[in-house]
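According to TrEMBL:
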{"type": "BINDING", "residues": "Glu68, Leu90, Asp91, Gly92, Thr93, Asp213", "note": "substrate binding site"}
{"type": "BINDING", "residues": "Glu68, Asp88, Leu90, Asp91, Asp213", "note": "Mg(2+) 1 binding site"}
{"type": "BINDING", "residues": "Asp88, Leu90, Asp91, Asp213", "note": "Mg(2+) 2 binding site"}
Amino acid sequence: MTEWKVLAQGALDAVKAARAEILTIMKRVYEVQYKNDRSPVTEADMASQAVLIEKLHQVDPSIPVVSEELKTIDYDTRLTWPRLWMVDPLDGTKEFVRGNGEFTINVALIENHQAVIGVIDWPVGDITYMAIKNEGAYRLEKTGSIRLHSHSFSNPANVVISRSHRQSEIDWVRRSQIAIRSIDYVGSALKFCRIAEGRDDVYPRLTPNMEWDSAAGHILVAEAGGQVVDFLGHPLQYNKPDLHNEGFVAVGDWAAWREYFVRQGTFSK
């Protein structure tokens, strides 16, 4: 078994343990607090993070963890790390609080500014998505694993967008001259999963976001045959100085979409 596969198995075990913590807390009354940016954080976020850090350190204590609810490490230090885990212990906290089930646990291994392992767990759906660089993307269920393949170029397209940024993203799709067959409104990293599964074709994110929001989903989409790019058309990079993405587009068939955008002259933020 390759080292990446060993680490991926460790990440799988970690998210399963974190899932159990989240689902336990979900069944009872819990406190919701708000960070400086007014985004919610709950004890489920913190409990999941604690479990993930513990389990990932057990897999390989030499690999540091960068997580949404941890204090950010300065870039001069992070630059010396050959690799790191990038973690969102509860992606979609708003959806968790609303009780609609559209939240995930995201874990990615970053090497040389690229995601090389990605695990996205959907606790309510009892489904885990996993990808390893050059090994493919998979949906893992109780009945077995299914290899994922993103959808080839289609215009009209099935578009998936965030529940929180609807109008700006719909406006971008129209400005980009993408004909819309359907629009799905979905929370958390489940949008990446839908692209990787071939259920949707295009997922635009215009607002700034953090690297842990996209890292696991990026490698999942890429290994399924798609790509996640910035508005210059470059694949997203990770462990950057400020850990921010200024926006991105995830598509199931980047080569074909890139050709289309160039021909139309419409690919911009």
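Keep in mind that glycine also has a Cβ here, set from the backbone N, Cα and C atoms.
Just so you know, TrEMBL annotations are computer predictions that nobody has curated.
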Number of Cβ atoms other than its own within 10 Å, given for Thr93 (substrate binding site): 22
Candidate with the highest Cβ count within 10 Å, taken from the binding-site residues Asp88, Asp91: Asp88
Secondary-structure category, per DSSP, in which Asp213 (substrate binding site) falls: helix
Recorded substrate binding residues, Glu68, Leu90, Asp91, Gly92, Thr93, Asp213 - maximal Cα separation rounded to whole Å: 12
Local Cβ density at Asp213 (substrate binding site) - other Cβ atoms counted within 10 Å: 23
Glu68 (substrate binding site) to Asp88 (Mg(2+) 1 binding site) - Cα separation in whole Å: 6
Neighbourhood of Leu90 (substrate binding site) by C-beta distance under 8 A, where only residues 6 or more apart in the same chain count: Ile22, Thr42, Ala44, Asp45, Ser48, Phe96, Phe103, Thr104, Ile105
Additional residues surrounding Mg(2+) 2, by Cβ distance to the Asp88, Leu90, Asp91, Asp213 centre under 8 Å: Glu68, Pro89, Gly92, Thr93, Phe103, Thr104, Ile105, Asn106, Ser188, Ala189, Trp212
Neighbour count (Cβ, 10 Å) for Glu68 (substrate binding site): 23
